[in-house]
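Working notes for the structure below.
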Amino acid sequence: MRRMVAETRLHPADFILPAFVREGVSEPVPIAAMPGVVQHTRDSLKKAAVEAVEAGISGIMLFGVPEESKKDAVGTPGTDPDGILQVAIRDVRAEVGDDLLVMSDLCLDETTDHGHCGVLDEQGRVDNDATLERYAEMAQVQADAGAHVVGPSGMMDGQIGVVRDALDQIGREDVAILAYTVKYASAFYGPFREAVASSLQGDRKTYQQDPANVRESLRELALDLEEGADMVMVKPAGPYLDILARVADAVDVPVAAYQISGEYSMIEAAAEKGWIDRDRAILETLTGIKRAGAQNILTYWATEVARKL
């Protein structure tokens, strides 16, 4: 009876798998702060993509981790056609074709030697306009590599419009934009910084949102839609279900939510201690995210959960 009358149901197609691929490694590298998650080699990434297709999930979000020596002040690996992220996009497309929606993170934090999401000015502050020029180049390179969807995640003012224009200029109107519309300056990103080998010192409060604010998120939403976002996202998911519900109620485009590294690691750590039932906690959190209004959920458990549904 309970199953029959359930108002919210999870389905494999709800899920998008975030995946990290690291340049210059011959074996997958475990991420200590995220038990069960690795920095993939090119070969292990292709295997993960095939497994995702077999599990029935809808997409994969790729993050590239270049060799440390290649990082610089402007994130050159992010616009190099042979940069690790672009190579990974081509690899996954060649392996699974259109059976999996290939999405790419469009941000500079993985490729800069300072770890910020943009180009810095002489005072060490993120230069919004200079960063947008880099994002435009990144969008075109990622589209050329074969990305179905680009995900501008740096929270620069005007980034969606600039990316849309850049894609249209090269005739790639078919490439969709998943806007990181609501991205809070959260403590829960901690494990992710290890996952992408971030060089960040300090924080990103000057361009990510204040966790205390609601109206700011709704303004960001209106701006992203006006600039051409095809889909919008709330990140993190769990601590911001109220924001997710507000966003879902306000739009008629697909809404995604990202269950981020800290959310993942808390459950894995508590389960390892025997303090909670791991499988139940995973399903409960994912159900809550969908119930709040997410049509799609980025989660590191995507393939695992999809296999069980």
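In case you wondered, yes, glycine gets a Cβ from its N, Cα and C as well.
Automatic, uncurated: that is what TrEMBL annotation is.
TrEMBL annotations:
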ACT_SITE  LYS183  active site, schiff-base intermediate with substrate
BINDING   ARG193, ARG204  5-aminolevulinate 1 binding site
BINDING   GLU220  Mg(2+) binding site
ACT_SITE  LYS235  active site, schiff-base intermediate with substrate
BINDING   SER261, TYR300  5-aminolevulinate 2 binding site
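Feature map: TrEMBL annotations on the structure.
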{"residue": "LYS183", "record": "active site, schiff-base intermediate with substrate", "contacts (Cβ under 8 Å, 6+ apart)": "SER153, MET155, GLN208, GLN209, MET233, LYS235"}
{"residue": "GLU220", "record": "Mg(2+) binding site", "contacts (Cβ under 8 Å, 6+ apart)": "THR181, VAL182, GLN209"}
{"residue": "TYR300", "record": "5-aminolevulinate 2 binding site", "contacts (Cβ under 8 Å, 6+ apart)": "LEU17, PRO18, MET34, GLY36, VAL37, GLN259, SER261, TYR264"}
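DSSP classifies TYR300 (5-aminolevulinate 2 binding site) as coil under the three-state reduction.
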